[in-house]
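Report on one structure; see the data block that follows.
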Amino acid sequence: MDYNVNEWNHVFKLDPNKHLSDSSLKKVCESGTDAVIIGGTDGITYENVVALLMRVQAYEIPCVLEVSAIHAISPEFDGYFIPMVFNSKEKRFMLDVQHEAVKQFGDFIDWSDMLVEGYCVMNEQAKVFQATNCTLPDQEDVIAYARMAEHMFHLPIFYIEYSGRYGDVNLVRETAEQLHDTMLFYGGGIRSAAEAKQMKEHADVIVVGDILYENIQAALETVQACKE
Ligand code: 1GP
């Protein structure tokens, strides 16, 4: 692994199913963000994942795949994030899809390139909430999941995912207070430097996605806000 997640503050998440122009991609990759994560829920194919990876590889930035579909895994990434959806009603999104992937690819996996994310999806309207059949946790539930991520599973990352909607700052702060060894990632609805800065006060790493496709300038301004 040529990067250290513990040093990250900010990442952009690019959706292989959405189009970003060459000039915007260049700005993203040269923005000073710590990494590009490629990931999404809908329309993920091997072809669109690899096409986006190749475009990002023209730059120095680490490129990580957040694995959501076994058929779209390429061995060329700098790292792999494996979500385990804690608040899914179905065991398969916590354990079985990962089990199937390890059964198929276990002999080829470089385990040092892989980090597991304890995922908690907080936006009922988000595609990922529906796709993984989640139930909406309250603050006490989230804190318990965070404690499990750190003390029971010893996961490197706990990810509060509000995908598409700005989240509850108080919940993020209370969750952050429980985590010491496990890093807290926050993603969802960040559309300005001020919002990035507000969540960064509590989360270790801010993930910025959708706004890239709507207002590239606003997206780029979130980078500096997380470094100050
Ligand atoms: C999505 O957490 C990321 O997986 C970022 O969320 O797209 O709402 O910025 P947004």
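Keep in mind that glycine also has a Cβ here, set from the backbone N, Cα and C atoms.
Because TrEMBL annotations are produced automatically, they should be read as predictions rather than curated entries.
Sequence annotations record features per position, and here TrEMBL assigns sn-glycerol 1-phosphate binding site to Lys13, Tyr159, Ile160, Glu161, Tyr162, Ser163, Gly164, Gly189, Gly209, Asp210. The Cβ neighbour count for Ile160 (sn-glycerol 1-phosphate binding site), using a 10 Å radius and every protein chain shown, is 27.
In the three-state DSSP scheme, Thr41 (Mg(2+) binding site) falls into the coil class. What TrEMBL records for Asp15, Thr41 is Mg(2+) binding site.
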Would you measure the largest Cα separation among Lys13, Tyr159, Ile160, Glu161, Tyr162, Ser163, Gly164, Gly189, Gly209, Asp210 for the sn-glycerol 1-phosphate site and round it to whole Å? 17
Using a Cβ cut-off under 8 Å and a sequence separation of 6 or more, which residues in the same chain sit near Asp15 (Mg(2+) binding site)? Gly39, Gly40, Gly209, Tyr213
With Cβ-Cβ distance below 8 Å and at least 6 positions apart along the chain, what are the contacts of Tyr162 (sn-glycerol 1-phosphate binding site)? List them in sequence order. Met122, Asn123, Ala126, Tyr186, Gly187, Gly188, Gly189
